[in-house]
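Novice: The feature transmembrane segment is assigned by TrEMBL to 21-48, 77-99, 111-132, 144-164, 176-198, 218-239, 246-275.
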Amino acid sequence: MLTDNDVLLPKAAKPPYETRLLTLAATSWLIVATAGQWLFGVYILLFYGQSTLAGDFERWNKVLPHGYVAGDWKGNLAVGMHVLLAAILVMGGPLQLLPQLRQRVPRFHRWLGRAYIVTALVVSTLGLFMTWTRGTVGDATQHVSISIQALYIIAFALLAIHYARTRQFAPHRVWALRLFMVVSGVWFFRVGLMFWLLVNGGPVGFDPHTFTGPFLTALSIFTYAIPLSLLVLELYLYAQRRQLKLFSLFVAGVIFLCTLIMGIGIVGATLGMWLPNL
Ligand code: HEM
């Protein structure tokens, strides 16, 4: 039976096949990324949360070569804050991208958004401090690359909050998505590394004792300094804007491939990196 709306309102045209495929690719990517980031978050809360609450700070050194140093309260505080606040980023980031949550509980989106941006600024500043005062695994290229990523995080966080405060929601969305990608860099690094280890059946192209080698140099450059995740995001945004059939199909294919690699890496990181430490 026809209703008034059927008569008065023109039916919204179904989006073309390639647009639906692009949306499906992005949605699958987000579902897999959310699951993987939450697993990382659960690991952070269980491993660092429990050891910190129990006052057993030396347990950090099971995974962090420069985690707890007796007598260096400033450095230890920085590490503790860095890792515990990181949980807000990996648990909260994917929530911010859910359209249903933004539409149904906009106040929650605004509050979590503020917390996310302040946390991103604090965690990346502490990360810079830790990298250059305490040192960490890896070589200078890895340290410089992750420091460049910290600068992206700070710049994108400030831009995302600026556009939200001036109610320019189109650029706000774009800068918030870019921020999510660079904040996720440390997670992409772990997932990328575990994907590589799984498909090669062991360390290839790097020395696991010194944590250096051509593979790790390339991984740190392309996740941190010149993030491929940002390139894929820009391709997706361009495809959404231009709606070109072949280009949309190409980008959907790239996103599906990234989702597959990420899924394998998440399984590897969960089984090989996070679960064994709990
Ligand atoms: C913003 C997103 C970030 C998150 C979510 C994050 C999360 C973490 C976590 C969970 C750890 C503990 C490692 C583990 O248990 O696997 C860690 C360690 C560390 N992070 Fe970050 N981090 C972020 C950004 C950064 C940045 C931008 C830098 C540097 C500029 C950095 C430098 C470090 C250092 C130096 C360690 C200690 C490693 C060691 O002792 O060898 N982090 N981070």
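Along the chain as shown, residues are numbered 1 onward.
Every residue gets a Cβ built from N, Cα and C, even glycine.
Give me the local environment of each listed feature.
Specialist: Outside the transmembrane segment (144-164) by six or more residues, the chain places 110, 113-114, 117, 120-121, 124-125, 127-128, 131-132, 171-172, 175-176, 178-179, 182-183, 185-186, 220-221, 223-225, 227 with a CB less than 8 A from a CB of the stretch.
Residues 33, 36-37, 40, 86, 89-90, 93, 96-97, 113, 117, 120, 146, 149, 152-153, 156-157, 160, 164, 204-205, 215-216, 219-220, 223-224, 227, 229-230, 233, 237, 261-262, 264-269, 272-273 of the same chain sit 6 or more residues outside the transmembrane segment (176-198) yet have a Cβ under 8 Å from a Cβ within it.
Beyond the ends of the transmembrane segment (218-239), by six or more residues, the same chain brings 22, 26, 138, 141-142, 144-146, 148-149, 152, 174, 177-178, 181-182, 184-185, 188-189, 192-193, 196, 247-248, 251-252, 254-255, 258 to within a C-beta distance below 8 angstroms of the stretch.
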Novice: Should anything in the same chain at least six residues away from the transmembrane segment (246-275) have a Cβ under 8 Å from its Cβ atoms, list it; otherwise answer none.
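Specialist: That would be 18-19, 21-22, 24-26, 28-29, 32-33, 35-36, 39-40, 42-43, 47, 190-195, 197-199, 232, 235-236, 238-239.
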